[in-house]
Amino acid sequence: MAEEQPARDAALLQDSRGPDTHEPWGPFCRKEFKAMWSLGWPIAVSMFCRFAMFSMDSACVGHLNNKPLIDKMQPLLNFPWSMSSTEMPNLPAAPLTLVELEDVYGPAEDATTLSDQIYTPKEYLAASSLSDMITNFLTTPLLAMAFGLNPLIAQSVGSGNLKMVGTWLKLSMFCVTLGTIPFITGFFFVDEILSSLRFDPDVCHLAGIYARYNSIWVLPNSWYVTMRMYFQAQGKPRPAMYFGLIFLFVNALFLYVLVFGGPDNGSWWHVGGLGFIGAALSISCSRIVQSFFYWLYMFVITKAHAPTWPGMGCDFLQRKYVKPYFAQVLPQVGTMLLQFLISQSTTLLVGKLGVLQVASSTAASQATVPITVCLLITFSSMTAIRVGMKLGKGAAREAAQTAWLCLGTQASLTALFGAVAIPLRKEFMSLMTNDPQVRQLASELLVPITLNFLFAGAVSTVNGGILASQGRTYLSAVMVMLFELPLSLGSIAVLVLAFHVDVHVVYWVQAGITFLEAIIVLILISRSDWDKYAEDARARNQMSRQASGQEDRTEAGS
């Protein structure tokens, strides 16, 4: 692999340099499809694995049949290899139960007490969904800072300014680390937030506990996403794919042990272990370990960062780097926050219609997430990289052709998934939960949810891919503020709060509004001044290269 890396870097640079010629669509599509495939399918597999972990958690939670959160007399840790007190002096012969811990440390606060109350799958699903809604909103700014690397790095690679690539990474890692501190605090107030919105007290209690155990993975996951964006924007997405596949099975093992307790008396599917809490712990353990081994492999073992690494130091904090970085990232942070708020407001408002409705919408959404959302993010990232690289080398016409090709391919693949998933929707829902009411309603909601993802794919590819590579992230924020916020959020809020419509109406209206927005953003792209955006991208990287060259000559002279 070490011998292949220089060849890959040379091929990457060769692809990034060349005349801006308008090729016929046939030859261009053949050439571009090859590049898109080599970059896109590893990204898609990586995203599938990441979201499949969440769907696996939801599926396990949906199979917790009328069990307490954790049995009050159940040992917290009960390993078959536990030593006796004679082998390990000063330790109890048996694991401590919750009752014994209360005797030692006193009773726990109400917000963190592990209740022995019996809960149903609907309550567990509703709690995990509402918890994920709040925590995902809190981590969205961190993800936006990482996703902003795609167009910046691609433009630097396209212009041949490789050392600038490492500078973007260092700056993004610094900002993500600082940004984690305030956002992770909200994980410990999820139950209070949901209580203020007047959700069921038991669901709020469960959601709060679930969020606290999920707070463990926030910082390692932010580092991992930043590193992954750094390498995939350079055309190195496969290591993340391999690690994703490996840790998908590792996460399944964690779920099996932490949620269900592993094999017992010949049964391979029983409720034991930590139950609901185990689902949160499994995803935390998987993401922490995955982040560490990915860093170890890419930075220590293979040193894949070496060709673009500018060295240690704090030069990345200079104004000439910070200003363009935040000009690219801050509007994207606002856009992603508002889009997430609007999309999740549907879950929040549906929750007002009842536990059955929110549990069913969760099951339907989570069943499609591994495919639909991974397609959204894959094409958003891939479009930002491919279009950004061509703009960086000044190939405006090729950039425009690539943008339209990515849009058409994304729509075709999402439609293909819908053609398979909709006829098999009842079978999909059987995998998510064994509650007959949830299965029936979720299978009905799957149709408008799938259509909404089809239209949202065009919006996501334009906002996160094309406009980001053009440096027009501010336009995405304006679209969200002036269009999505009043139409999508406003109309659904009126339908639910004022007219108390059926949940089916909510999702059909959402799909219709997304379709209208897709038409608008496609019109915007059709009127883009591609030559101007290519000149801007090249000028930005040339100025950075000249400034770096002047500093190097000054240091050499001194």
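The backbone N, Cα and C atoms fix where each Cβ goes, glycine too.
Pulled from TrEMBL:
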- 1-20: region 'Disordered' (REGION)
- 171-190: transmembrane segment (TRANSMEM)
- 210-230: transmembrane segment (TRANSMEM)
- 242-262: transmembrane segment (TRANSMEM)
- 268-289: transmembrane segment (TRANSMEM)
- 325-343: transmembrane segment (TRANSMEM)
- 363-382: transmembrane segment (TRANSMEM)
- 403-425: transmembrane segment (TRANSMEM)
- 445-467: transmembrane segment (TRANSMEM)
- 474-499: transmembrane segment (TRANSMEM)
- 505-525: transmembrane segment (TRANSMEM)
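Long-range contacts of the transmembrane segment (210-230) within the same chain: residues 46, 112, 127-128, 131, 134-135, 139, 142-143, 145-147, 149-150, 153, 165, 168-169, 172-173, 176-177, 179-180, 183-184, 187-188, 190-191, 237, 240, 276-277, 279-281, 283-284, 287-288, 290-292, 294-295, 298-299, 305, 381, each at least 6 residues beyond the stretch ends and with a Cβ under 8 Å from a Cβ of the stretch. Of the two recorded stretches, the transmembrane segment (505-525) does not lie close to the transmembrane segment (171-190), with fewer than three CB pairs under 8 Å once pairs fewer than 6 apart in sequence are set aside. Among 171-190, 363-382, 403-425, 474-499, 363-382 has the largest number of CB pairs under 8 A with the transmembrane segment (445-467).
Beyond its flanks by at least six residues, the transmembrane segment (325-343) meets 136-137, 140-141, 143-145, 147-148, 151-152, 168, 171-172, 175, 463-464, 468, 471, 473-474, 476-477, 480-481, 484-485, 488-489 of its own chain at Cβ-Cβ distances under 8 Å. Outside the transmembrane segment (474-499) by six or more residues, the chain places 331-332, 334-335, 338-339, 341-342, 345-346, 349-350, 352-353, 463-464, 467-468, 505-506, 509-510, 513-514, 516-517, 520-521, 524 with a CB less than 8 A from a CB of the stretch.
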